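Asker: My questions will all concern the structure given below.
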C-alpha cells in the first residue's frame, strides 16, 4: 500500500509574512485579472513559499519567467497552496489561544522546526506513532488538548496524522484507554489493599468476635496495610464483616466441640456395665459425674444423653426378646432336635436360617441349651408320669385281687389249708 507521508508544520517564510493567515482574510481571487507587475511579484512570492514548505515551485527564478496567462495561473495556484498549508497550522495555533488563561498557548507556540519526512505503512501505524508520542510525555487522563499540544507540537510524531481532526480523535481515544487503564489499576490496588487488610486481621490472635473497633484501631493504626485502605468507613466495614465471620466460626467450633464431647460421653455410658435398660438417672448420676467426660457437658445434656442411651437399651432389649422368641419357635419346629442333641452337631443346620443370625452366637447357644434342657425335663416328666401310671395300675390290680380273695374266703373256696397251686 502507498505509504503515509508525515510532515510537520513549518515556520512561514519571511517572503510570506504579508500574506493573510485565515481563509476569511484571503483577498486574492484566481479569477481576477492582475497586472504584469503584480503577477511577477506573486510568482516570486510563490516560489519562495514553495521552497520552504516542500511544494514544487513554478520556476527556479521568477525573474526569468515570461508574463503570460499560464504563468500567472501557476503563480496563483502556488500562493493558494501556501496559504492553505499555513492556514492549517495557524488554525491549531489560533484554537490554542482560547485557553490563554489556562495554558498560555499562543500561535507562536505552534511554530515548529522543520523535521525529516517520516513514512508510515498505513493510517493505523501513523495513529499508533501519535499515541506513542502522547505516552512518551505522560499525558494524564484529565488533560485537555491545549495542555497536551504544548508538549508535543515540536515532536516529529505530531505530524504523523495530517489533520487536526485526526489528531484530536486519536487524543480522545488515548484518553479513554488511559481512563480504562487507570480504573483497572485502581481496582487492582483496591483489591490488593482489601486482601492485605483481611490478611492483617487474620494474622492477629488478639481479635475475637466481641472486639471493639476502637481497640482494633489501636492495634492496627500503624500498620501500612491498615492505611492502604483509604476510607475509614471501608476499614470499619471490613472489620465488622471479619468479626461476623469470626463469630460464626467460633459458634461452629463450639458446636463441633460439643458434638465431640457428646460422642465421648455416649461411649463412656456404653462402657458402663452397670447401666441397664431399666436404670434410673438419680441412682447412677453420682457414679457417672465422677468421670471428666461427664463434666465437659452441661447438666441437661448429660441427662438427655443418658435417657437416650437407656431408651436405646430398652429398644435393643425388646428387639432381642422378639428375636429370642422367634428363634425358640424355630428350634421347636426342628424335628431333628432331641433331648440328647448336641450343639456342635446341629449348629450348621441351625445357622443357615436367618432367625438364627439375628442373635449373638452366645445367645444362640444359650437358647439352644435351654431348649434342649426343656426337652430333657419333658422326657423326664413323661417318664415320671409313666411310672406313676404303672404304680397306680399295680395298686389297682392288687386291690381287685384282694377283693377276689375276700370273696373266695367268704364262700369257703379259699381256706387256710388251700394250696396256691390248687387255688391258681
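The backbone N, Cα and C atoms fix where each Cβ goes, glycine too.
Sharing the record's features from TrEMBL:
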type	residues	note
COILED	171-210	coiled coil
COILED	368-397	coiled coil
DOMAIN	123-177	domain 'FF'
DOMAIN	189-245	domain 'FF'
DOMAIN	258-312	domain 'FF'
DOMAIN	320-374	domain 'FF'
REGION	1-45	region 'Disordered'
Asker: With a Cβ cut-off under 8 Å, give me the same-chain residues at least six positions beyond the ends of the coiled coil (368-397) that come close to it.
Answerer: 328, 331-332, 337-341, 343, 346, 350
Asker: Within the same chain, where does the coiled coil (171-210) have neighbours whose Cβ lies under 8 angstroms from its own Cβ atoms, ignoring anything closer than 6 residues to its ends? I mean 6 or more beyond.
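Answerer: Beyond its ends, the coiled coil (171-210) has Cβ neighbours at 131, 134-135, 139-141, 143, 145, 148, 216, 219-220, 223, 225-226, 228-230, 235, 238-239, 242-244, 246-247, 250.
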Asker: How many of the residues that make up the domain 'FF' (189-245) does DSSP mark as helix, as strand and as coil?
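Answerer: Residue counts for the domain 'FF' (189-245) by secondary structure: 42 helix, 0 strand, 15 coil.
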